[in-house]
Amino acid sequence: MEKKNGICKSPEGEGEEVIVPVTVVPRPPDGGWGWMVVLGSFMCNVIVDGIIFSYGLFLPELSKDLNETKGRLAWVGSLLAGFYLIVGPIVSGLANTYGTRPVTMVGTVISAASFAAASFAPSVEYLCLAFGVFGGIGFGFIYLPAVVTVGFYFERRRAFATGLAVCGSGVGTFIMAPLVQYLLVRFDWRGTMLILAGVVLNCALFGALFRPLVRAEKEDKKETLKIEKPPILQRIKELRESQREHWDSLDVLSSVPHSSVSLPEIASAMHRICSVTPQASDNNSPPPSYSDVVEADEEERFAFLCPPPPPVQPNPSANENSYPKKPRYGLRADLSRPFYRQDILYSASLLHLPEFKKSNNDLSLYAASVTKIPPEPLPGETGCLSPAMRDTFRQMLDMSLLRSPTFLLLGAGGFLTLAGFFVPFMFVVDRAVNQGLSLEEATYILPVIGLTNTVGRVFCGWISDRPSLNALTINNGALIVGGLATALSTCWNSIGFLLAYGALFGFCIGCFATLRSIVIVELLGLEKLTNAFGLLLLFQGIASIIGAPVAGMVFDATGSYDASFYIAGSLILLSGVIGIPLPYLSSWEKRRQANIIINVEAPEEEEDEVMEHPGPLSQLRRFSYDVILEQPWCASPDKTTCVYKTRLVPKVHKPISISKFCDL
């Protein structure tokens with residue numbers, strides 16, 4: 001076998017073996033070391049979320065020592081929570097470039113150093129910078145890798161494994177609140193922050209468990225495919241004939257029969273992709289035909305399965321625009337980068353995803369289909385950023401998603417939820433003390449919230465495995481109930497009632513946190529999950545910074561927490577209410593994107609030219625002429641590849657929707 005320009009070429013000769021080394025996506029073990037990763041993620045969540053949700057216990061001590069109002073001191077905790085979310089896209093880029101283990105360790109050092117420095121704070125401004133901003137940045141460096149690594153190690157058991165890991169948030173609140181209160185009594189707030197700095201250092205130990213997932217050499221040898229040449233050539237011929245006959249060129253693997261997907265058949269398809277010789281860019285060449293575009297798209301989508309090409313020496317005299325954007329071939333480092341998988345942030349079971357069903361319930365084919373390695377950049381395009389970091393930033397911060405009405409409403413709901421989310425955590429204990437309860441009694445409210453938060457996460461993890469139950473409906477219901485309970489929590493002052501409120505609120509926010517990624521996929525699709533998640537982190541981070549300080553200022557102005565809890569509860573309730581029309585808005589938006597309105601008026605006797613075009617309905621938008629649909633034929637069971645017969649017509653008159661023939 002010879003290699004030319006990075007493309008696999010087989011020598012001439014009959015009966016000769018062709019060895020096709022296939023670089024495949026690293027296979028998650030769904031167990032093994034993955035359970036150690038779950039343990040590390042669980043403990044990181046215990047420490048990070050436990051400290052964030054327990055900050056409100058510092059307020060009385062800080063207010064006395066620094067002589068500051070509760071409203072000003074609330075900025076410290078809100079900055080901690082806000083930056084923990086806002087740095088998400090930056091942390092994602094770093095994790096995609098350097099791996100989750102080193103990023104977690106760096107975050108541990110930043111957080112521990114920040115907390116230690118905060119123990120010497122002479123003013124609230126110093127606390128905001130040290131404990132709030134830098135502590136929040138460090139926590140963000142720990143949180144996101146802890147979530148991502150679990151998803152990279154599990155596929156079939158992902159819902160269960162992720163559920164165990166995120167339960168650390170509720171367990172952390174249950175454990176850390178009494179611990180912090182004990183430390184505040186035993187030491188002062190400065191000593192408590194020093195001890196918490198030492199506790200945070202343990203995240204480095206747990207982060208060390210986030211071992212990179214790589215493909216073993218042993219597996220590579222097993223997957224090296226040996227195929228005799230005549231069957232390969234025959235299979236390639238059949239594939240190409242099938243492509244011409246059925247216009248099914250948009251998915252090269254879909255031409256393999258669904259009943260039996262064997263390694264030789266997959267290898268032949270990959271060999272066909274690898275055998276296309278790339279053409280040099282020429283400004284004088286004619287524009288590509290439709291079939292050229294389809295073949296180029298096919299080559300780019302599956303190019304990561306081919307061996308990497310040899311380095312190409314650049315021509316100094318060539319114009320920079322003459323460099324073609326080519327697929328990035330499947331280096332091990334690229335295939336092991338978490339954010340090149342579209343489902344990396346999906347916390348539920350993969351078995352119910354449409355993409356998994358399209359892959360014939362085969363995890364290997366599914367993993368390949370959701371692994372998207374962007375094309376190589378043009379020379380000088382990346383600047384000082386590595387390609388992996390640049391790709392992640394572009395993916396998570398793609399502002400074109402802001403043109404989606406569905407996402408805008410979803411983002412508004414997330415903003416309102418987080419604006420009220422941290423108010424009960426920060427002020428519920430201080431409010432109970434102001435209403436006459438003892439500090440010992442009031443301290444129990446936070447552990448109860450943490451306990452039922454864990455129950456809510458487990459319950460919603462179980463719900464997510466049942467497709468018959470709608471995740472968005474449950475999410476909206478939980479937010480409405482949690483918001484209503486928060487607004488009404490001021491009506492009674494007994495410890496029993498406040499504990500009952502804490503239990504209900506904790507359960508509801510546990511549902512919201514667990515169902516977030518599932519709701520995004522239901523509304524926007526898996527391909528938009530990373531983009532939507534990145535933008536939502538920004539929205540929710542800003543809301544977290546604003547919400548609690550506003551509630552604190554209201555307390556400073558009125559001398560009571562009642563109005564603060566009314567506002568927080570109303571915001572959470574409103575976020576659930578505006579989520580009710582989301583499924584209808586999403587359906588309308590999908591229909592709008594899929595529909596093509598055809599304007600037609602032509603005499604019956606007129607002879608028109610008849611053409612055929614392959615591909616999804618949306619690709620007909622590339623053509624400038626008016627069309628009439630005649631006998632659409634959908635090649636694949638999921639109706640993603642269809643054939644349309646069209647006519648050129650001279651006039652426009654009557655709109656006809658064709659979406660009913662091939663629902664995309």
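Cβ atoms here come from the backbone N, Cα and C positions, even for glycine.
Annotated features in TrEMBL:
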DOMAIN    33-587  domain 'Major facilitator superfamily (MFS) profile'
REGION    305-327  region 'Disordered'
TRANSMEM  33-53  transmembrane segment
TRANSMEM  73-91  transmembrane segment
TRANSMEM  103-123  transmembrane segment
TRANSMEM  129-154  transmembrane segment
TRANSMEM  161-185  transmembrane segment
TRANSMEM  191-214  transmembrane segment
TRANSMEM  406-429  transmembrane segment
TRANSMEM  444-464  transmembrane segment
TRANSMEM  476-495  transmembrane segment
TRANSMEM  501-525  transmembrane segment
TRANSMEM  532-551  transmembrane segment
TRANSMEM  563-585  transmembrane segment
Do the transmembrane segment (33-53) and the transmembrane segment (563-585) share at least 3 Cβ pairs closer than 8 Å, excluding pairs fewer than 6 residues apart in sequence?
no
Report, as numbers and ranges, which residues of the same chain sit near the transmembrane segment (532-551): CB under 8 Å and 6 or more residues beyond its ends.
71-72, 74-75, 77-79, 81-86, 88-89, 92, 345, 395-397, 399, 401-402, 407, 410-411, 414-423, 426-427, 516-517, 520, 524, 561, 564-565, 567-568, 571
Beyond a gap of at least 6 residues from its ends, the CB atoms lying under 8 Å from the transmembrane segment (501-525) belong to 163, 166, 169-170, 173, 345-348, 353, 401, 404, 406-407, 410, 414, 417, 421, 424, 428, 445-446, 448-457, 459-461, 463-464, 470-472, 474-475, 478-479, 481-482, 485-486, 489, 532-533, 536, 582-583, 586
With pairs closer than 6 in sequence left out, are the transmembrane segment (191-214) and the transmembrane segment (103-123) joined by 3 or more CB pairs under 8 Å?
yes
I need to check the long-range neighbours of the transmembrane segment (406-429): which residues 6 or more away from its ends have a CB within less than 8 Å of a CB in the stretch?
52-53, 55-57, 59, 70, 74, 77-78, 81, 85, 439, 442-443, 445-446, 449, 479, 483, 486, 489, 498, 502, 505, 509, 512, 516, 519-520, 523-524, 528, 532, 535-536, 539-544, 546-548, 551-552, 555, 561, 564-565, 567-572, 574-576, 578-579, 581-582, 585-586, 589
Other than its close neighbours in sequence, what residues sit by the transmembrane segment (73-91), given a CB gap under 8 Å and a spacing of at least six beyond its ends?
48, 52, 55-56, 58-59, 62-63, 66, 103, 107, 124, 127-128, 131-133, 135-137, 139-141, 143-145, 392-393, 396-397, 418, 422, 426, 533-534, 537-538, 540-542, 544-549, 551-552
